[in-house]
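Taken straight from TrEMBL:
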type	residues	note
REGION	15-46	region 'Disordered'
BINDING	Tyr122, Thr123, Tyr124, Asp174	substrate binding site
DOMAIN	152-257	domain 'Fe2OG dioxygenase'
BINDING	Asn159, Tyr161, His171, His236, Arg248, Thr252, Arg254	2-oxoglutarate binding site
Amino acid sequence: MEKFVIQDRNKRCCTSETPAGSLRKKIKQERDEKMKEEDSEDDEDAAFAEFSNPVPWQKIEAEGLDCDYALLFSKEEADRLFTQLEEEVVYATGEESKVQVYGKVYNIPRKQATYGDAGLTYTYSGVRRLACPWTPTLEYIRDTVTKTTGQTFNFVLINRYKDGQDHMGEHRDDEKELDPRCPIASVSLGATRDFVFKHRDSRGKQSRRQIEPVKLELAHGSLLLMNPPTNTFWYHSLPIRKKILLPRINLTFRHILLDSKRESKTKPDVN
């Protein structure tokens, strides 16, 4: 992520002993330097306008993995948002609470909900989900993420884990609906949980390479940006942690392509 640095201004002075020619030259230099400083300040103001809630980012990198991690909300605000989401979010039930894996249907080991712009749908693991209208709290979190990252999102997948027994298996967020140029922004509220990345070439008994997994601890109020091409090369999971007794809510903000953009992306170039 970009770093924003405000430099201190240097104080300047001239004495009456300075010759007139040198004085005019010095004044011109100071005027030019002041104009440069003003231009620099304008650039900084523009940067802060785009990222109006700058946070200290931690860069997480490996071969083909590019993530940024930061604490986005204070504990007090994260507590408030968690409570509000518990009141507002309606989770899927019945057939919508199941998932298809290799042709078999299983109960999802967590609660799920989908919210976003009107008419958007998202299909994964054989299940097609329609976005519910944004709630006030989801809009607030989405807008905060946008101000912090400069990225826009039109959809969010919400997972609620009642405790450490609820989990998510290894997968990649690489569905065709997703804009491949946009990162996925993952906001965590509630219990801190381990989050594990595994490279696609190092999975299973027939793995081709030895690449160490990357393990993170996603804290209460944190934001993890999974930038391209992370989801091309790395699977991620939230493993079972039996010692975790408290709930966690995770919100993954995404940008879903509209049908016209999706069609233009998949159609061959006939020119």
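Glycine is treated like the rest: Cβ placed from N, Cα and C.
Values in this document were obtained by computation on a predicted structure and should not be read as measured data.
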If we check Cα distances from His236 (2-oxoglutarate binding site), which of the binding-site residues Tyr122, Thr123, Tyr124, Asp174 wins as closest?
Asp174
Could you list the residues of the same chain, at least six apart in sequence, whose Cβ is under 8 A from the Cβ of His171 (2-oxoglutarate binding site)?
Tyr235, His236, Ser237
When you tally the Cβ atoms that lie within 10 Å of each candidate's Cβ, which of the binding-site residues (Thr123, Asn159, Thr252) has the highest tally?
Asn159
Rounded Cα-Cα span from Asp174 (substrate binding site) to Arg248 (2-oxoglutarate binding site), Å:
24
For 2-oxoglutarate: widest Cα to Cα gap among Asn159, Tyr161, His171, His236, Arg248, Thr252, Arg254 in Å:
20
Going by Cα-Cα distance, which of the binding-site residues (Asn159, Thr252, Arg254) sits nearest to Asp174 (substrate binding site)?
Arg254
Across the domain 'Fe2OG dioxygenase' (152-257), what does the mean pLDDT come to, as a whole number?
95
C-alpha of Asn159 (2-oxoglutarate binding site) to C-alpha of Tyr124 (substrate binding site): distance in Å?
14
